[in-house]
Amino acid sequence: MSVAKSIAAVLVALLPGALAQANTSYVDYNVEANPDLTPQSVATIDLSFPDCENGPLSKTLVCDTSARPHDRAAALVSMFTFEELVNNTGNTSPGVPRLGLPPYQVWSEALHGLDRANFTDEGEYSWATSFPMPILTMSALNRTLINQIATIIATQGRAFNNVGRYGLDVYAPNINAFRSAMWGRGQETPGEDAYCLASAYAYEYITGIQGGVDPEHLKLVATAKHYAGYDLENWDGHSRLGNDMNITQQELSEYYTPQFLVAARDAKVHSVMCSYNAVNGVPSCANSFFLQTLLRDTFGFVEDGYVSSDCDSAYNVWNPHEFAANITGAAADSIRAGTDIDCGTTYQYYFGEAFDEQEVTRAEIERGVIRLYSNLVRLGYFDGNGSVYRDLTWNDVVTTDAWNISYEAAVEGIVLLKNDGTLPLAKSVRSVALIGPWMNVTTQLQGNYFGPAPYLISPLNAFQNSDFDVNYAFGTNISSHSTDGFSEALSAAKKSDVIIFAGGIDNTLEAEAMDRMNITWPGNQLQLIDQLSQLGKPLIVLQMGGGQVDSSSLKSNKNVNSLIWGGYPGQSGGQALLDIITGKRAPAGRLVVTQYPAEYATQFPATDMSLRPHGNNPGQTYMWYTGTPVYEFGHGLFYTTFHASLPGTGKDKTSFNIQDLLTQPHPGFANVEQMPLLNFTVTITNTGKVASDYTAMLFANTTAGPAPYPNKWLVGFDRLASLEPHRSQTMTIPVTIDSVARTDEAGNRVLYPGKYELALNNERSVVLQFVLTGREAVVFKWPVEQQQISSA
């Protein structure tokens with residue numbers, strides 16, 4: 001019997017939905033954006049731990065805590081038969097019963113709380129904290145907050161794992177940049193800035209999840225996704241499963257991968273997910289340039305870090321990309337390129353045939369499985385009750401939820417877009433009309449990738465539990481064109497002191513496998529808002545959802561007094577919105593995306609990956625957009641006023657020689673370009689009457705080096721907590737050498753001699769000029785692309 005037939009026999013029960021290659025009816029994944037996963041792939045299983053005291057493995061090296069993790073994992077895998085080896089290459093692995101190795105599920109989710117956990121129906125382990133979606137959390141510009149959230153998720157995840165209800169690897173964070181305003185999953189990301197925001201988010205989230213920077217005992221394993229060039233779902237019928245994105249080496253280096261460099265080199269992430277799409281003709285999961293040359297050889301991915309495919313993307317190497325000649329070839333191409341574990345069943349079902357046809361070796365398959373189990377060793381999977389985190393219980397879930405960080409993330413991230421002084425509400429306001437499809441929501445507060453929360457506070461809940469008299473009317477639905485609810489809404493508004501409308505978009509319009517085709521307010525929400533604005537009452541609009549919509553009509557309507565963006569604010573979202581509106585908390589969030597005018601979505605195809613303006617493309621992101629945004633990236637108002645000033649004496653160094661910078665000692669930094677060029681220090685004074693946090697973005701610009709030049713780019717950000725009126729505080733934003741480099745056409749990061757500016761926020765409230773002298777120099781060398789795997 002051939003190896004392929006032997007494995008097929010073993011996997012009959014394991015893979016009930018697997019396809020045979022003789023089957024000629026396949027889903028057209030060039031159009032369909034949802035993979036047809038087998039029941040085995042999506043299964044959640046009851047997890048347990050190997051018995052290293054009395055079980056079959058107890059006398060083997062894998063149970064020897066004094067041995068190196070790699071050696072322990074290699075010793076384990078060497079005991080597998082070939083069939084057992086192949087069986088354990090998928091996300092749902094059956095383990096090896098004869099060795100006492102339990103089944104394991106790689107696929108757990110932790111985007112903003114636990115998902116794909118085995119929650120109970122009630123009582124202990126029936127919920128976990130549900131934080132705001134990442135795009136709202138990033139708008140707080142608070143690195144510590146991101147790390148706190150990830151740390152809590154990891155604590156709760158380990159508590160669930162200790163009772164077999166959650167895995168030790170999580171498919172998070174999503175650190176793709178939110179390039180296209182129509183992308184359905186932009187809500188999952190830290191925004192449109194890749195170099196600074198996505199990289200900072202990656203670092204803080206990964207180190208929070210993993211328990212530090214490459215700790216000896218990992219808390220959980222984070223997975224940086226989706227690598228690389230993934231930022232569309234199904235725009236205009238272009239499926240994410242079949243997209244082939246044309247990206248220059250310049251923009252691949254500059255925009256689509258710097259966050260993955262930071263994840264690998266600095267945060268020491270232990271897992272990376274290759275994406276569905278192809279880039280320049282090569283599917284990401286069969287792209288040896290991505291997975292070996294860049295990730296391992298250039299970015300410094302940890303030695304036993306493993307690459308997981310996105311779910312079914314190894315299969316997609318054949319269908320629909322047709323990079324491989326058949327499914328067997330897709331499995332072989334993916335493992336040889338560097339995809340270690342298949343989220344799916346392609347490896348499990350087709351490695352036997354690939355082995356028989358000498359397309360793959362046992363050593364190549366072993367390499368990936370050893371990497372996975374090496375991480376499980378680091379996670380204490382084989383250490384029994386001696387594992388560092390084995391004592392975490394349900395009490396730790398309850399305790400960490402009580403820290404109320406979910407509320408803090410929501411209230412810090414909320415962005416005040418417009419305000420004429422109506423907010424915070426005057427003490428004299430007694431009655432409020434609450435209107436709109438986002439006012440009485442539950443799970444909608446959570447966005448996507450969520451599990452059950454301990455509670456969900458809608459805006460309506462929060463106001464009903466306050467001292468206000470509430471007049472509620474639904475008004476209209478997100479995408480409705482029916483005006484049946486208008487009269488009730490207008491009636492509620494007329495008998496109230498203040499009108500609050502909550503609407504925008506939700507996951508019926510933006511989601512995984514679903515992009516938008518426009519960026520307008522859907523349905524007849526604007527029509528209802530316009531009628532409400534004619535009543536002569538103060539009107540506050542809450543614009544909800546992850547992606548932006550064109551709110552220019554609300555911005556220009558003087559009868560719309562205030563406009564707030566609230567994202568997907570999580571379990572405490574309604575309370576956070578109430579507290580901002582009433583002034584219990586002051587807003588300080590800033591947009592981490594650009595709000596474009598509606599016509600932007602019609603000017604060029606969303607599949608155009610070039611950020612630089614060309615043809616009908618007016619440029620993408622705040623760095624290159626040549627039009628006039630409705631609200632800029634970085635926009636955000638306060639309830640008070642601030643004054644920023646440079647505290648220096650005028651003697652600070654403003655000229656730097658490039659060669660001197662790159663030849664200086666750099667203790668504490670792996671690379672000289674990570675050294676601070678300077679520290680941008682400003683004094684911030686609250687000149688108003690309201691205590692408030694203060695947030696800042698620091699931008700650089702220059703005309704040094706070759707054209708075209710970006711408008712500006714972000715080099716740093718920070719947040720000061722609760723600055724009282726008439727008080728001052730110092731803020732320091734380090735500016736690294738690399739952050740003022742530009743990317744040349746070959747993808748190299750280059751320092752160019754010339755004049756540079758650093759400007760604080762869009763208002764340019766403080767500007768610092770400096771000069772780089774000497775010869776231009778490469779600070780980061782981008783490798784020449786060479787593929788080890790060729791197309792069939």
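Backbone N, Cα and C define each Cβ position, glycine as well.
What Swiss-Prot records for 1-20 is signal peptide, and it gives sequence analysis as the kind of evidence.
Under the heading N-linked glycosylation site, Swiss-Prot lists Asn23 (among others), citing sequence analysis as support.
According to Swiss-Prot, the N-linked glycosylation site annotation covers Asn87 (among others), on the basis of sequence analysis. The secondary structure of Asn87 (N-linked glycosylation site), as reduced to three states from DSSP, is helical.
Here Swiss-Prot flags Asn142 (among others) as N-linked glycosylation site, drawing on sequence analysis. Its own atom aside, the Cβ of Asn142 (N-linked glycosylation site) has 24 Cβ atoms within 10 angstroms in the protein chains shown.
The N-linked glycosylation site annotation in Swiss-Prot covers Asn246 (among others). Asn246 (N-linked glycosylation site) falls within neither a helix nor a strand when secondary structure is assigned with DSSP, and so counts as coil.
Residues or ranges marked as active site by Swiss-Prot on the basis of similarity to another entry: Asp310. If you take the C-beta of Asp310 (active site) and look for same-chain residues 6 or more apart in sequence within under 8 angstroms, you find Lys225, His226, Met273, Cys274, Ser275, Tyr276, Cys285, Cys343.
Other C-beta atoms found within 10 angstroms of the C-beta of Asn326 (N-linked glycosylation site) number 16, with every protein chain shown included. According to Swiss-Prot, the N-linked glycosylation site annotation covers Asn326 (among others).
In this chain, none of the residues that are 6 or more apart from Asn385 (N-linked glycosylation site) has a CB less than 8 Å from its CB. Annotation source Swiss-Prot lists N-linked glycosylation site at Asn385 (among others), citing sequence analysis.
Annotation source Swiss-Prot lists N-linked glycosylation site at Asn404 (among others). Asn404 (N-linked glycosylation site) carries neither a helix nor a strand DSSP state and counts as coil.
In the three-state DSSP classification, Asn440 (N-linked glycosylation site) falls within coil. Annotated N-linked glycosylation site per Swiss-Prot: Asn440 (among others), in sequence order.
For Asn477 (N-linked glycosylation site), the number of other Cβ atoms no farther than 10 Å from its own Cβ, over all displayed protein chains, is 18. In the three-state DSSP scheme, Asn477 (N-linked glycosylation site) falls into the coil class. The annotation N-linked glycosylation site is assigned in Swiss-Prot to Asn477 (among others) on the grounds of sequence analysis.
Of all Cβ atoms in the shown protein chains, 16 besides its own fall within 10 Å of the Cβ of Asn518 (N-linked glycosylation site). Feature annotation from Swiss-Prot assigns N-linked glycosylation site to Asn518 (among others).
The feature N-linked glycosylation site is assigned by Swiss-Prot to Asn679 (among others). Asn679 (N-linked glycosylation site) carries a strand DSSP state (E or B).
The 10 Å shell around the Cβ of Asn701 (N-linked glycosylation site) contains 18 further Cβ atoms across the protein chains shown. Summarising the annotation, Swiss-Prot assigns N-linked glycosylation site to Asn701 (among others) and lists sequence analysis as the type of evidence.
Sorting the glycosylation sites Asn87, Asn246, Asn404, Asn440, Asn679 by the number of other Cβ atoms within 10 Å puts Asn87 first.
Comparing the Cα of Asn404 (N-linked glycosylation site) with the Cα of every entry in Asn87, Asn246, Asn326, Asn701, these being the glycosylation sites, the smallest distance points to Asn701. According to DSSP, Asn142 (N-linked glycosylation site) is assigned to coil rather than to any helix or strand. Secondary structure at Asn385 (N-linked glycosylation site), taken from DSSP and collapsed to helix, strand or coil, is helix. For the pair formed by Asn477 (N-linked glycosylation site) and Asn87 (N-linked glycosylation site), distance between Cα atoms is given as 48 Å, rounded to the nearest Å.
The glycosylation sites shown are Asn142, Asn326, Asn518, Asn679; of these, the one with its CA atom nearest the CA of Asn87 (N-linked glycosylation site) is Asn326. A strand conformation is recorded for Asn701 (N-linked glycosylation site) in the three-state DSSP classification. The secondary structure of Asn518 (N-linked glycosylation site), as reduced to three states from DSSP, is coil rather than helix or strand.
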